[in-house]
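Working notes for the structure below.
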Amino acid sequence: MTDFLIAFGSQTGQAETIAKSLKEKAELIGLTPRLHALDENEKKFNLNEEKLCAIVVSSTGDGDAPDNCARFVRRINRNSLENEYLKNLDYVLLGLGDSNYSSYQTIPRKIDKQLTALGANRLFDRAEADDQVGLELEVEPWIEKFFATLASRFDISADKMNAITESSNLKLNQVKTEEEKKALLQKRIEDEESDDEGRGRVIGIDMLIPEHYDYPEISLLKGSQTLSNDENLRVPIAPQPFIVSSVSNRKLPEDTKLEWQNLCKMPGVVTKPFEVLVVSAEFVTDPFSKKIKTKRMITVDFGDHAAELQYEPGDAIYFCVPNPALEVNFILKRCGVLDIADQQCELSINPKTEKINAQIPGHVHKITTLRHMFTTCLDIRRAPGRPLIRVLAESTSDPNEKRRLLELCSAQGMKDFTDFVRTPGLSLADMLFAFPNVKPPVDRLIELLPRLIPRPYSMSSYENRKARLIYSEMEFPATDGRRHSRKGLATDWLNSLRIGDKVQVLGKEPARFRLPPLGMTKNSAGKLPLLMVGPGTGVSVFLSFLHFLRKLKQDSPSDFVDVPRVLFFGCRDSSVDAIYMSELEMFVSEGILTDLIICESEQKGERVQDGLRKYLDKVLPFLTASTESKIFICGDAKGMSKDVWQCFSDIVASDQGIPDLEAKKKLMDLKKSDQYIEDVWG
């Protein structure tokens, strides 16, 4: 028997990508793994009948299970299951997460604990990969342990194991003097400038042009002397090629309808794509202020789709955000296909491929255009992973570039990869600017670029037909290896929208962060005490809560009870970035909000955590109350989620005279009972 199970729970696709990579590597050494989402348990597999399972899973939202894993988590936690239900199962588990969130690794830990409780045997320690420091730092050692386990379990020879790793003896040209080092770097710069002036520009087509950047001595372009001199780099085998694109000499017929990403299913999406109309687009802060991030507001009209969506306060919608044309043009030009990018392109499986069970990705059309694929289907902004860098190394005519790219995807170069690629968030374009002689085959990019994921935005209004969203502009300067200043992918696109534009959106599955909470009637929401914490644009979702309560009070006064509804709103300076202050003050004057507490970090040195400590009398009842109250936290996760969590823990510990660990357990009880609910983002 050479088969075993690989199961994943993935919201954004990272866990699924790792799981697929495990499957491909296992097949290279002669095994026959089966790959399934965890929610396919009791449908396409039965965990209690498996002998070996590798699980790759993440947490999402407020410590929630990914949408293709939530059912699995519920099923393995049934009280009816016996303690030895999984006694025949050996398993390994890799958890993915982001330590900026207070709910870090919640689901991987929960699954691990429950599998053990049901009698399963974990073969080695669970790994917890942290996106804040680089997933690879934990993922790669875990994969090595897993394949060592497979080698032992299935008696796989050393020769076969060599099929998934290789050593590279390619060395940098021996550069001994400072003058020679400078000459080498100067050649890189000249190659790059030549690329800008020649290959990088096409008459009549706008093209992304890099900004000048002086790379430090140790950087993306050159590693340490130790790494540069290592003659035995352990680099992964390049992924097997399997796609062939055939471009005809004619355009795609005008009546061809290319549905968004081939209508490929995505976890958390509950509708097909549909068009909405942009009815307003405006600034909500001064766009010329240098003190704050610019914030904007977009309103869309759902039209006839309003009844289908039936959104509630706290719900979000996905926007189908495309890649910028300048970047798409540059990448297609570097691949040598820009001049045929708008002609009909047909994808097929290479009949000579050695890849087992090769399939065209479901999110791309088999008949399409290269421009359409690279604009709407493939993520060119996400930092390239090591498999893609491995392919880039094979796509350059410069041996020095090849050596450095091999270093970046090698086991020895993992820290360099994290420091110079993953952490600064380099894009594919940044990598191509840095290595001007890399000309990747377009088919390899189609195979290896991840799916372009739509961007979710919570709605800040409560109307049947229209939805308002508020967002901060994200800025990324040309530093740390990024070769062009840019805004966030969604920011740039949202900024371009004008009244009358039509855009595609998708309905998002309701989460726990909503009013009324799941399982509660609309009328009962008017009796619910609320503590809301919203720094920055985090306050926007609470506007939808308050508009809903205002309508409830107008339509059904008897259901609107005088209970505490407290909002802590964090901003830098209320005179410049306290967005929708007049709206919030209206809610106070009408009795919708009982308390509006403004925390100004720049003017008064007060963050929302300081406000919570200052107004203990308003906060404590929510930390000791029954299930009839709710705490909602919304905002940027960069430290805020953990800091607010610690603040509440400090308050509980001080009030009850208990240790911090015990206070955190009490807070965790609030989370488990859905009294403490977060909606935070990175």
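A Cβ is built for glycine as well, from the same backbone N, Cα and C atoms used for every other residue.
Residue density at Arg109 (FMN binding site): 17 other Cβ atoms are found within 10 A of its Cβ, drawing on all protein chains shown. Marked as FMN binding site by Swiss-Prot: 93-124.
DSSP assigns Gln609 (NADP(+) binding site) to a helix in the three-state reduction. A C-beta separation below 8 Å, combined with a sequence spacing of at least six in one chain, links Gln609 (NADP(+) binding site) to Asp643, Val644, Gln646, Cys647. Per Swiss-Prot, the feature NADP(+) binding site maps to Lys293, Arg607, Val608, Gln609, Asp643.
According to DSSP, Gly488 (FAD binding site) sits in a coil region rather than a helix or strand. Around the Cβ of Gly488 (FAD binding site), the number of neighbouring Cβ atoms within 10 Å comes to 18. Marked as FAD binding site by Swiss-Prot: Arg455, Pro456, Tyr457, Ser458, Gly488, Leu489, Ala490, Thr491, Trp681.
The domain 'Flavodoxin-like' annotation in Swiss-Prot covers 4-147.
Per Swiss-Prot, domain 'FAD-binding FR-type' is recorded for 271-516, and the stated evidence type is sequence analysis.
Comparing Asn121 (FMN binding site) with Arg455 (FAD binding site), their Cα atoms are 38 Å apart once rounded.
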